[in-house]
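Quick look at what TrEMBL lists:
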type	residues	note
SIGNAL	1-24	signal peptide
DOMAIN	29-132	domain 'SRCR'
DISULFID	CYS57-CYS121	disulfide bond
DISULFID	CYS70-CYS131	disulfide bond
DISULFID	CYS101-CYS111	disulfide bond
DOMAIN	160-287	domain 'SRCR'
DISULFID	CYS252-CYS262	disulfide bond
DOMAIN	316-416	domain 'SRCR'
DISULFID	CYS341-CYS405	disulfide bond
DISULFID	CYS354-CYS415	disulfide bond
DISULFID	CYS385-CYS395	disulfide bond
DOMAIN	426-534	domain 'SRCR'
DISULFID	CYS502-CYS512	disulfide bond
Amino acid sequence: MVMPTGASHVLLVLLLCWVAPSKQELAPVRLRLGGPRGPAGEGRLEVLYQGLWGTVCDDGFDFHAATVACRQLGYTAAITWTHSATYGQGEGPIWLDNVQCGGSEGSLAECVHNGWGISDCHHGEDAGVVCSGQRLPGNSPQATTSSHLGEVLGLTLEEVRLKPILARAKLSMPVMEGAVEVKHNGRWMRVCNTNWTRNNSRVVCGMLGFPREKHINTSFYRKLWNRKLKDPNSSLKTLSQKNSFWVHTVRCQGSEPHLARCPVQMAPPAPRQHACPHGMHAIVSCLPGPAFQGMGMGMGKGKGKKKTIPGKVLPVRLRAGTHAGEGRVEVLRHGQWGTVCDKQWDLAAASVVCRQLGYGTAKQALLGARMGQGLGPIHMSNVQCTGHEHSLGECRFQDAKQNGCRHEADAAVRCHMPHMDFKSQVRLAGGRNPEEGVVEVLVPMQGQLQWGAVCGAQWGLNEAMVVCRQLGLGFASHALQETWYWAGSPDATRVVMSGVRCAGTELALQQCQRHGPVHCPSGGGHFSAGVTCTAHAPDLVMNAQLVQETAYLEDRPLGLLYCAHEEHCLSRSADNMQWPYGHRRLLRFSSQIHNLGRADFRPRMGRHAWTWHQCHRHFHSIEVFTHYDLLTLNGSKVAEGHKASFCLEDTNCPEGLQRRFACANFGDQGVSVGCWDTYRHDIDCQWIDITDVPPGSYTFQVVVNPKHEVAESDFSNNMMRCQCKYDGQRVWMHSCHTSDAYGADVVRDLERQEQLANNLV
């Protein structure tokens, strides 16, 4: 075969590429992060080359390569890199292999590699990166709209604070009243009160975590100012004569999420003009939200109530957030909780949500289900707010059904929160890393603050959740009642807190109920409370609609129920029957359990501790995974069942996510983020034995993870209920919903209707 002249040159070039890896192509390439939805800046590394997305092999990939990739993605630095498809296996070509970077390259394409598409890897070797959360200047993340202190008129306001003037304000936590100071080029400067407006105060309060501003007595502060100017021992007169002491003018509209978004004039227009002639520092007083009232200097009472438009007040809540004041936005509309589509979602709309909840303005408006996907209706899309609304319902929006929105686009927020200094009142000691250890608290003892341990008796996940939130470490993965393997601090050996009982929503452990005098019979030391924290947690939610659609009755012969009887899936009366003669009446249904959190749901026990059940020939990884109960309308239990977790796996996943857990061949068990585990109606124990139940109206109830064996970001949605009508031959299920799916009024109406229909009221 005769080859064209040009072809031989092409072949030679390809051979040289293979033999001597080099910088093949310096043209810029696009990068993205793939895999399960998680925190911004981490995921499977993917490269766009010749119009096709592909992955990077982990052979030769190191921290230098991760640094280049993170910088190209718009982040300041890399934290680490991952191998062996940690973020799932990608698809398409493996574009890069044996990538070798020095760390200073501007693009991954500038690093040495085998050549585009030349690789002996498979997708089980896909590389990933974990980048820092900080963005490079000028690089805003595609999935985030942020109010980080930005540049305004060429100026950068780095930080803003209130400096308390009055003695009572200095003792307040959080600080709610004082002189406005801004940090510019590393220096704190006062803001002149000339032309200062309540719109400016509203913005300052919002960015400091407060929903509203409060009127102040400026004449009182003017007298204090003049008195200090006349004081020969005060340096205020000298400082106030320097223009470097002042920010000349601030002009806000009141809807800005941060003072840095307002027009700011640092110096007066004329060269020798005084920056604040005849003025003084601007004073701001803020009103705290309900969660922070009573914590400060008694300023929680304001005149009047917020004016809202009748019929447009939509209650809102946040779900699945790692920290207080953040989460997926859900609104109560038509009596049912639902999510908000992220189309046109911005800081103005996010700030309305934050203020409505009693927080400040929004730090970030998060797109793309960054706080996990919701389940149920999507109520709103194309939300457009001015920033002055008191409720999200006052904003312009469209019905999400008209826009084809899906839960992959659920909107979320991060709100500005007041600085409470809660973090300094608790610490972890003795752990292997900063996220775990013995819980030690700072409490007043005999007139002075003293560190001490917490009694481990009755210590549980709710209490651990509060500690992790207080420390800013996210969620609790374990609550430990014994910590003999961790050495606490020498100055905190004494037990100073016992009988701690938290609802789980408190902002600090000191807000939980506890014993007055400490009572801890087991003592401290090895029996002190401990925690392990994690940045992300799973969140299991039952698909209520599927239960309603699949419920039916079956009269099953005893001869087919030996295994179920062995696993205690039948009522006690089955023990007294003449096996194998007779049958049991079973209420059967399918269940589909979604993981809507931001971490995989994994069994607490490792596979070495799983129990083998010979009858069904499978392993139980959790003692009890779900409770199935049939209740009277007054709440009494008339029948029950339970589902041991014989197999936790990804039955299905949304498009773009791969199944990672499967039970076959003693495989790993769990439910991946965004995926769901389906238990079909025709498998053993997927029922309630109602053989002994008389006809009537009942409440059908399912509780997932009932013993809280595995930590979740939200336990309030683990219960599902249906109204159930049984006539002795047939069964009807209706009004199925998770425990937090409907508003309280709707739930009460449903229960009352059933009670009225059965003459119970």
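Cβ from N, Cα, C; glycine included.
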Problem set entry | DSSP three-state assignment for CYS354 (disulfide bond) | helix
Exercise. What is the separation, in Å, between the Cα atoms of CYS354 (disulfide bond) and CYS70 (disulfide bond)?
Worked result: 31
Exercise. How many Å separate the Cα atoms of CYS101 (disulfide bond) and CYS70 (disulfide bond)?
Worked result: 13
Seminar exercise, completed: The DSSP breakdown of the domain 'SRCR' (160-287) into helix, strand and coil residues is 38 helix, 33 strand, 57 coil
For this session: For the domain 'SRCR' (426-534), name the stretch out of 29-132, 160-287, 316-416 with the most CB-CB pairs under 8 Å.
Result: 316-416
Problem set entry | Secondary structure tally of the domain 'SRCR' (29-132) (DSSP, helix then strand then coil) | 16 helix, 36 strand, 52 coil
For this session: Please compare the disulfide-bonded residues CYS111, CYS512 by how many other CB atoms fall within 10 Å of each one's CB, and tell me which has the fewest.
Result: CYS512
Exercise. When you measure from the Cβ of CYS405 (disulfide bond), how many other Cβ atoms are you left with inside 10 Å?
Worked result: 23
For this session: Please work out the helix, strand and coil residue numbers for the domain 'SRCR' (316-416) from the DSSP assignment.
Result: 19 helix, 39 strand, 43 coil
Exercise. Given the disulfide-bonded residues CYS70, CYS502, which one's Cβ is surrounded by the fewest other Cβ atoms within 10 Å?
Worked result: CYS502
Exercise. Around CYS341 (disulfide bond), how many other C-beta atoms are within 10 angstroms of its C-beta?
Worked result: 26
Exercise. Can you tell which of CYS252, CYS395, CYS415 has the most other C-beta atoms within 10 Å, given these are the disulfide-bonded residues?
Worked result: CYS415
Seminar exercise, completed: Sparsest Cβ environment (other Cβ within 10 Å) among disulfide-bonded residues CYS57, CYS121, CYS354, CYS385 belongs to CYS121
Seminar exercise, completed: Going by C-beta under 8 A and a gap of 6 or more residues, the same-chain neighbours of CYS131 (disulfide bond) are GLY41, GLU42, ALA66, ALA69, CYS70, LEU73, TYR75, ALA77, ALA78, ILE79
